Every structure is written in structure tokens, then in C-alpha cells.
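Have a look at the structure below, then the notes.
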Ligand SMILES: Nc1ncnc2c1ncn2[C@@H]1O[C@H](COP(=O)(O)OP(=O)(O)OP(=O)(O)O)[C@@H](O)[C@H]1O
């Protein structure tokens, strides 16, 4: 019997374009993907419209007046939105060849840009990607799904830890939901009206580490034309989420430690330090043995960060969570991609639950997105999730061996490995090129 699924609400779209025809064309193209579409021709009412209408996405023409081309108005709007917590994701629209303008829009926080006149497929893809990226944040409030005993215990820990000011270290494999846990801590904390700012410590270049985190004054180094606040200042009154903390090289660990010990930071080029008012939540997928190895991680920094440790268990250790998560994401993607909502066959449910999910919830989410886009039947089958063959075989046990399907999988795998090179794929499979062509035809590959 197909599993029941919860309905995810359709997102809302706001279009700001001074050309009524363009706004109408966009509305007609996109209205099936949104519960409501609102159009504005003047920027004056934009902030009020955002408060009232609460759009998930804003399609923003950067040039408001006919003939205008410098995009100054649109960039001003983007700057205003950057300061707001309720700002929608923004896709900027520019005239053809305004590449510099598009780049500036992206730097100011737009998630993508499309050039006018747009290509419908490109516009739809851009919108789908923007909404997908926004999905975890917009689930804020009750985003941490899963009723397994492990998740219930984790939620209880979050509830008791969040209202304190204690620093929290979140441990768990890739994709288990550490960032969602960090957001949940912030949302249940006394700082919930302040910002939640995530910084990926693994990718901060060593050369700009201090400027990124602590800020800089104008002229403090060659490229520092304007003063800039660091993440510590930007997160003031809120929570600073230091992700991938285990990847921070030792020299940067020392700088971070100093800031945390003194609870103040000195922007590059400044004479006086500034007090820090942030709660630190950090996360790593490093195994605990690695964290406790002083060659990799300073014990004194660890001691500052891990006042409270929250462990998020891998998905394979909480199989009860798999089907509710799958149902949630299948419903979400069915909506987002305008596909019919499909249930899971018994076999698919078993395969999903029995899989060991090395990529955890992120991988399950991707598998659900793929299935909701590519599946053709009314009920989802194991193969729609494109899991490695052994996962399907392990659960099917004594079920028929599905020779045709395995042959198709083997051919597809060989083609992928050979990067589409037919001769090489044929060699990998131990068949002639002609035999491979026959199979490609047979399986519609
Ligand atoms: N309990 C959950 N309920 C709903 N969605 C979840 C849950 N856990 C994880 N996800 C989803 O899985 C994806 C990965 O989650 P998240 O980014 O929080 O993991 P992570 O542990 O921080 O990953 P990484 O270590 O790779 O940065 C996100 O899309 C998130 O929305």
C-alpha cells in the first residue's frame, strides 16, 4: 500500500517589474508552481508587500524605469533586503549583456539571475533551484523531522540546552542534520530575534580568515577599500554557527581561541577591540578520536566549544525515521517540480528502510528529489531511487532476480564509468560493441 504523505504548502512569488507585460508573462509561466503570485510595478510598496504577502521568492527587475540600465535601483533594493530576516530569495532579472550588473546582484545576495527575454526552461530551473535551496530554512519552526527514540531524545536535549548561553558542539556524520540542529538551538534560545549566521570554517581561506571573522577597517590591507564587519559583529545578538570546525587549521584555531577567551575581537587595522555578543554553536563530522588528537585540534579550544555536546546519530541507526522523512521530501518535491504526488510501493519502502544511507538524510533527500522528477509510474518502485544495486538486492532477498533490471543497471554503470565511450563500456562489460548497442536500444539508454 502506498505510504501516506504530508502536504507541503506551495511557495508564494512576488514579481517586481515596471513592465506590466513582462510581469504578466512571468505570472502565466510560473503560477502553477506557486500558491499565489503578486506583481508590483513600483519599488515603493515592496517592503510593505514583503511583510504582508510573505513571499518565498522575489523576481526582481533591476531596472525599474524604462530606459534605465545601471540597475542602481535594483541593487538598492537588494541592499535593503540583505538586512531583513524575512527577506525572500531573490532572482534578479537583467537585460541581455548586463553581466557586471548580474555579478553585483549576486554579490548582494541574489541567488541567481536571468536575462530578459528569458528562456522558459532556464527560468523554471532557476526558480526550482532557488526554492530547493531555501527549503530547509523555510521549514524553520519544526524542521527537525523524525519520531525515532534517538530524535526524540535529541529534541529534548535541544529544548533544555537552547535557553542557556552555553556553547554547543554538534557531532555527527555528513548530512545527518547538524545544521538543522544548530538552527533548532537558535530558534529555541533567547537570541531567536537576532541573526543565525553560519560560517563554513573548512573553506575560509587562511589569508582572509581574520578579516572574514573579525572584520577590517578601510585601508587595513591593499584590497580593503571599505571597512567591513566580520561575522562576529554581523551575528551580534544572535548565534554564530561555526560549521566544519574540525577542518580549521591549527594557526586559525589559535586566533579563534583568543577571540572566544577574551570575548572580544579586534578588526584588522583597528586599535581597540570590540566586545563579542554571540552564542557559539559549532559542528564537525570529525570522529571524536580526531577531535581529541592535539595534532589536529587544540584541547583548549575544544574545551571552549564543547560545554554541551549534542550527537546526531546516523540515519542507519534510526530506521524509523526513514519513511517519514521520505514522505516529507517526496511531497515537497512533487509540489516544487509540479509532479503528481506518488506513493511508495511496499518494496520501495523496504529498500529505503533497509539501506545504510552513508550520505544520511541529505542522500535520502536527493534520492527523493530524483525519484519525484524521473519516476513515471503512479507508485514509486525501488529502482526509482537509484540506490546502489546491492541495497536493492539485500532487501529483495529471495525475490526474483530481475535479470533485465540488473542488466540495465550494469550497462548504465559501465557507460557512466566509461564516460559515455561505447568501446570502453563494451570492454568493461565483456561484450562486443554491437551487443552493447543492442542492449542500449533494448533498455532505452
Ligand atoms: N531530521 C531532519 N528532518 C528534516 N530534514 C533533515 C533532517 N536532517 C537532515 N535533514 C536535511 O538533510 C540535509 C542535510 O542536513 P544538514 O545540512 O543539517 O546536515 P549536516 O549534518 O550539517 O551536513 P554536513 O556535515 O554535510 O554539513 C538538509 O537538506 C536538511 O534539511
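Cβ coordinates are placed from backbone N, Cα and C, and glycine is handled just like the others.
Summarising the annotation, TrEMBL assigns domain 'Response regulatory' to 12-131. Annotation source TrEMBL lists 4-aspartylphosphate at 61. Under the heading domain 'Sigma-54 factor interaction', TrEMBL lists 144-373.
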Three-state composition of the domain 'Response regulatory' (12-131), taking helix and strand from DSSP:
57 helix, 27 strand, 36 coil
Does the residue listed as '4-aspartylphosphate' have same-chain partners at least 6 apart in sequence with Cβ under 8 Å from its own Cβ, and which are they?
16, 17, 18, 19, 22, 74, 93, 116
Limited to the domain 'Sigma-54 factor interaction' (144-373), I'd like the whole-number average of pLDDT.
90
